[in-house]
Amino acid sequence: MNVITDNWDVWAEGLIGTLILFVAGGLLALILGIIVGAMRVSPIPVARSMGALYVNTIRNTPLTLVFFAFAFALPPLLGLRLTADVSLTLAVCALGIYTATYVAETIRSGINTVPVGQAEAARAIGLTFGQVMTLVVMPQAFRSVIPPMMSVFIALLKNTTVAAGFGVVNLGAARNYLSERGANQMLVIIWVMIIFVVLVLLLSWAQRALENKWRVAR
Amino acid sequence: MRKTRISASIAGIALAAIALTACNSGTPGADPTEDGGDGGDDTTALWEVATDVQIEGSPTFDAMTERDGVIVGVKNDQPGLGYEDATTGERTGFDVDIARWIAASLGFDEDQIEYVTIPSANREQALVNGDIDYYVGTYSITDTRKELIDFAGPYFLTGQGLLVAADNEDINGPDDLEGKIVCSVTGSTPLQRIRDEFNPGDTVEYDTYSQCVEQLLAGSVDAITTDEAILAGYVAQRPDELKIAGEPFSEERYGVGVAKGDTVMVEHINTLLTDGGDVWTALFDEHLAPAGITGTQPEVDPAS
């Protein structure tokens, strides 16, 4: 327990960093993922191939390499000065852009569960593609993708620790900080693990609540 | 067809493996250019490998003799101190040679040393777990570390310094850091000191100093801070692009990390350092003097 109580500053800073990365990266991933998912099922061929290209390149790249590109290739290209805020923004972009591919594919699998007849009927009564998606398909798709979508966000939460190697302080960096203060490394790792288990349990709880709320009567 | 190709490639791999092990077992007494590499050849002439070493009451030494080899923890990304050539796998530097010298004094020659790269954050744990026999790698003697492990030495004195681009005229010391971005390793003490005692514009932290150097060369950060001896190695690598700004503003004493309670081993290393002044000077002249820093051998702390 001393590892925690003697070093509140490190743990607080780390937890805040992790939560910022998770929330901001998750929002970016959700928005971008929904757009890309819709592109992949749209009737416009250019949008479909753009979506496929995005998913197939980013999803096939290891996360550390995506981070590397954002931390080391982008700043000189854009002439960025690397303050802590800039590093955080770059990390959020890296996480969001990477996770968006998984969100897009999860959404697409959800869209595939909606019977084709629904979209055809919607079109028959004169709705546009946008209306078909937002009024008929997406609401049904969302409720069927809650479990896999939550898995994507749980993975995102744990992936935030990668940012520790690229200039962003989060729980993944706690060990480096506390080793300088002479703390027992194994204890630090166990505490980081416990914090992550608790955070993921919270997400699982949110998943169950959403599932119950949006349950379809079959 | 497919089957024959697969079995042919398996045979090829097996042959290669046999060839490799054959080379390995042939090294004792072999051509000196084959083992150790150039870095070792220059300095091993400075000392002889001790024979019939008897050390009573040192658990570390007992473990070494039992496995008939030494496992040394070192750094691999600090030119001039502890550096591993990525292509040849050859290890060079002041710290690496100190480790070799200690091994020789314990009766182990170059072939019996196994180097393990251990990052700063894992050093105490590696010694506590007994993964390594001793650690030589810019390891500052501090009271918090002394609670977990013991130190022999110090064998080197340095202080915190600043590394900047060669054409930077603004930064001449830690007081000039206002509005500047300073880079160092995640959670490191030098970075904490800069934050607490001086007034930098901002700080960023990466896993290794090499990554900071990368960002400094790209112009994304203004300065890198850590011990001057480490910074000097990077200057020696790129003298046209980097320079050290100002004087050191702290005192760091590098020691050899040894498992807690092994006073016998600490005393053995201390005696070696105290009696071997010429070796120390020769090693310093070879590895650190070219990087433009001066230094004299410090006196060792008495073992407690």
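Glycine too: its Cβ is placed from the backbone N, Cα and C atoms.
Among the features that TrEMBL reports, transmembrane segment is placed at A:15-39 (among others).
The feature domain 'ABC transmembrane type-1' is assigned by TrEMBL to A:15-207.
What TrEMBL records for A:51-74 (among others) is transmembrane segment.
Sequence-remote contacts of a segment are chain residues at least 6 beyond its ends whose Cβ falls under 8 Å from one of its Cβ atoms, and for the transmembrane segment (A:86-104) they are 17, 20-21, 24-30, 32-34, 36-37, 40, 51, 54-55, 58-59, 61, 63, 66-67, 69-71, 74-75, 80, 149, 152-153, 155-156, 159-160, 163, 166-168. According to TrEMBL, the transmembrane segment annotation covers A:86-104 (among others).
Per TrEMBL, transmembrane segment is recorded for A:124-142 (among others). Outside the transmembrane segment (A:124-142) by six or more residues, the chain places 34, 38, 42-43, 107, 110-111, 113-114, 118, 214 with a CB less than 8 A from a CB of the stretch.
For A:148-174 (among others), the entry in TrEMBL reads transmembrane segment. For the transmembrane segment (A:148-174), same-chain residues at least 6 beyond its ends with a Cβ under 8 Å from one of its own Cβ atoms are 10-11, 13-15, 17-18, 21-22, 25-26, 29, 63-64, 67-68, 70-71, 82, 84, 87-88, 90-91, 94-95, 98-99, 102-103, 106-107, 109, 188, 191-192, 195-196, 199-200, 203-204, 206-207.
Listed by sequence, the residues of this chain that lie at least six past the ends of the transmembrane segment (A:186-206) yet keep a Cβ under 8 A from its Cβ atoms are 3-4, 11, 15, 18, 150, 153-154, 157-158, 171-172, 174-175, 178-179. The feature transmembrane segment is assigned by TrEMBL to A:186-206 (among others).
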